[in-house]
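Participant: Supplied in structure tokens, the structure appears directly below.
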Amino acid sequence: MTDFTRRRFLAAFTGTGLSAFAGCATPFSRGGRGPSPPIGEGDQDSDETFNPPTYTPPEPTPLPDPDVKRTLRATAATITLGPNATSQSWVYDGQYVGPELRVSEGDIVEVALQNDLPAVTTTHWHGIPLQNAMDGVPYVTQDPVTRGSSFTYTFRAEPPGTYFYHSHVGLQLDRGLLGPLIIEEDDPHIDYDREFTVIFDDYLNQPPEPLSDDGRDGMGGMGGMMGSDVRPPYTGLLADGRLPSNPRTLDVAEGERIRFRFVNAASATEFRTRLAGHQMTVSHVDGRPVDPVPVDEFVFGPGERYDAVVELTNPGAWQLRAAAVKGDESPARLDVRYGGHDGTPQAPDWGGRRLQYHDLHARDKISVSGSPDRVYDLTLSRAGRSYTWLIDGQAYPNAEPLDIREGEHVRFRLRNHSPVTHPMHLHGHFFRVGDALMDTIRVPGHMGQVSLDFRADNPGNWLFHCHNLYHLESGMARVIRYV
Ligand SMILES: [Cu+2]
């Protein structure tokens with residue numbers, strides 16, 4: 001057992017981890033690795049002798065024979081992002097973005113993950129409320145899959161919607177181990193002629209490493225209220241695996257209605273998204289159908305998905321752009337070109353009506369209303385001068401589980417004491433915020449507050465965490481435990 005793996009294992013299961021990793025990693029920009037990496041460093045490591053976890057997920061209820069069988073091979077590969085832009089990375093099936101898995105509502109899906117990486121891995125099916133043992137969280141729902149071995153995930157494809165799958169080990173998501181997962185609905189509430197899935201990502205031309213604060217921005221003190229966040233040194237922002245210098249073009253015809261399925265698969269980037277020359281009508285959030293909302297632009301954070309229908313009524317050549325809310329890279333870009341319009345695509349002007357969460361009204365039946373059975377008040381903050389992110393003062397893995405009971409109506413009241421947005425993601429459940437259902441919500445910085453409610457209807461141990469991968473790796477997670 002390497003020193004790292006032993007330490008991480010101990011951190012995960014005996015609660016000795018905090019002192020091991022708080023504040024002692026080296027800064028990302030120096031390219032070094034700290035002496036005591038947090039849970040993320042599993043992606044550097046191939047140790048296969050860890051002890052079994054103390055938690056065993058509920059035995060999965062057997063499902064019928066699969067309707068769809070796939071193999072996903074996690075492997076090192078050379079990926080191409082544009083002319084003269086190739087990169088060595090870790091991806092699924094040798095391609096970045098990974099292959100789109102497209103299934104029908106209700107299908108039984110069986111995916112064999114084959115690990116050909118030089119490291120352990122898992123695959124998480126982001127947003128799908130599947131059985132706990134299939135959730136793909138290392139040390140929480142399963143042992144990580146060792147080199148050369150495989151793990152078969154089986155789940156029922158429901159509810160329909162726009163999802164994605166990704167590695168849940170360490171910082172592997174930021175290497176490119178991700179792909180879209182579309183569950184087609186039998187009876188959509190919107191009309192459209194064609195659809196396109198669009199994956200936005202931030203691109204790092206080097207292996208990711210945990211972040212730490214090297215003092216450049218004077219962070220620290222005041223419980224993390226001061227200063228700004230550190231961000232990995234991204235090379236660029238990508239739409240469907242392409243740099244903006246090499247955009248994908250959608251050839252369209254006047255009069256068509258296009259459904260876009262937008263996925264924010266970035267590790268540390270909120271995107272502001274807009275198509276020049278057109279409004280978008282938002283129809284789904286995190287896969288859940290909403291009453292259609294016409295907007296000019298929307299912002300979404302890591303882990304969120306938005307579907308929007310665009311009516312093509314303005315012939316020309318147009319850019320769809322996704323710009324980092326905080327970050328100075330060129331916006332990710334996709335071109336929409338009507339037949340016969342060969343000119344340079346026009347970039348959007350920002351402004352106009354931007355989608356707000358309170359615009360969203362779920363069309364699904366919402367299973368929680370009235371007074372909750374259990375309430376957790378949870379602050380989101382940074383620990384002093386170290387690059388450690390906390391949920392209610394505790395840094396995972398040295399953090400207490402949040403206990404709930406099956407059948408309860410649970411409420412989390414989140415209050416963000418830090419200056420940065422945290423996209424908080426709950427595994428295994430959709431939650432209600434206002435009149436909408438979702439699985440990931442941005443909690444704004446500077447004392448932003450969100451109250452989310454869910455029904456405890458999926459027994460197991462589930463991760464609740466910030467989907468900024470660097471915050472997650474620096475402690476911003478809790479296990480939700482059914483007791
Ligand atoms: Cu965060």
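Just so it is clear, glycine is given a Cβ too, placed from its N, Cα and C backbone atoms.
A TrEMBL annotation is a machine prediction, not a hand-curated record.
Straight from TrEMBL, here's the annotation block:
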type: COMPBIAS; residues: 54-65; note: compositional bias 'Pro residues'
type: DOMAIN; residues: 77-186; note: domain 'Plastocyanin-like'
type: DOMAIN; residues: 244-326; note: domain 'Plastocyanin-like'
type: DOMAIN; residues: 384-480; note: domain 'Plastocyanin-like'
type: REGION; residues: 27-68; note: region 'Disordered'
Participant: Any residues 6+ beyond the ends of the compositional bias 'Pro residues' (54-65) with a Cβ under 8 Å from its own?
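Facilitator: Hits for the compositional bias 'Pro residues' (54-65): 13, 108, 131-135, 140-142, 154-156, 459-461.
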Participant: Quick one: DSSP breakdown of the domain 'Plastocyanin-like' (244-326) into helix, strand and coil?
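Facilitator: Helix (H, G, I), strand (E, B), coil: 0 helix, 51 strand, 32 coil.
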Participant: For the domain 'Plastocyanin-like' (384-480), what are the DSSP-based totals of helix, strand and coil residues?
Facilitator: 5 helix, 49 strand, 43 coil
Participant: For the compositional bias 'Pro residues' (54-65), DSSP counts of helix, strand and coil?
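Facilitator: Result for the compositional bias 'Pro residues' (54-65), in helix, strand, coil order: 0 helix, 0 strand, 12 coil.
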